[in-house]
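K.L.:
Just dropping this structure here.
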Amino acid sequence: MPWIQLIIDTKAKYAEQVGDMLSANGAQAVTFVDAKDTPMYEPKPGEVMLWPETQVMGLYEADYDMDGVVARMSKSKVLGADFPHKLDQLEDKDWEREWMDNFHPMRFGQRLWICPSWRDVPDPSAVNVMLDPGLAFGTGTHPTTALCLRWLDALELSDKLVVDFGCGSGILGIAAIKLGAKRVVGIDIDPQALLSSQTNADRNHIGDKIELYLPEHQPELKADVVLANILAGPLRDLREVITAYCKSGGKLVLSGILAEQAQGINDLYSQDFHMEPIEIDGEWARVSGKRK
């Protein structure tokens, strides 16, 4: 069955109201996207992430009375009588299949591949992590995850103990084990992330080598390698905690950092680490070093 999409450009402060109006007027789904390719900075706790110029899209069945929807929405104070909008007809497709077709195995560095479960492994002799793309946690498609994966691929990890702060999907910890680490301790504030990490570790047959904790239960230990792909704010706030996990001579990698934030994070951690050159990928950055 074909669909019609009603697209409305609005300001961030009105976006949720517009989305609610679309839902109240029969939209089967409502999506928020960036209208002007604007970088997204860190939200405050509990804040919804919306762009200054936000495009709100409502999806309707093709035979829905769209003239009626537009007429009703034009009476709202938020939009007004002649609010700018666009109607697009979408052809009927197997959207799930099309989504799956867009994802292919990805190579990071010399040895490491991240492969969706429905794709053949390109190189059976390589280090292959099986991980399906998702929305909530990392799968290698974001530059910050890619920066960390390339860093791990270049590291000698045999028999190393690794700590992964903000483990999310477990992708970095699983990659570390596949690259030779003997044990990974993953820490995340979200119980769902810990479940995702364990599920993905089990899928890669290394579930017995990863330990997962909420912050209030995290163990005290000294690791050979510490990973933290989170955000600049938590990296600042948790500097002492993250640093304490890294033994003398141990390695540290930090990401989730915008390029303009990288030097500040680098300087902060240089108190305890010999810092390496900052690596930039588009708008994002990686900071790394060796514990003094």
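Any Cβ shown, glycine's included, is placed from N, Cα and C.
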K.L.:
Which of these, Thr31, Thr54, Thr145, does Swiss-Prot say binds S-adenosyl-L-methionine at the same site as Gly166, Asp188, Asn229?
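P.N.:
Matched candidate out of Thr31, Thr54, Thr145, per Swiss-Prot for S-adenosyl-L-methionine with Gly166, Asp188, Asn229: Thr145.
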K.L.:
Rounded to a whole angstrom, what is the largest C-alpha distance between any two of the residues Thr145, Gly166, Asp188, Asn229 that the record assigns to S-adenosyl-L-methionine?
P.N.:
16
K.L.:
Would you count the other C-beta atoms found within 10 angstroms of the C-beta of Asp188 (S-adenosyl-L-methionine binding site) for me?
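P.N.:
Step by step: centre on the Cβ of Asp188 (S-adenosyl-L-methionine binding site), count other Cβ atoms within 10 Å, giving 25.
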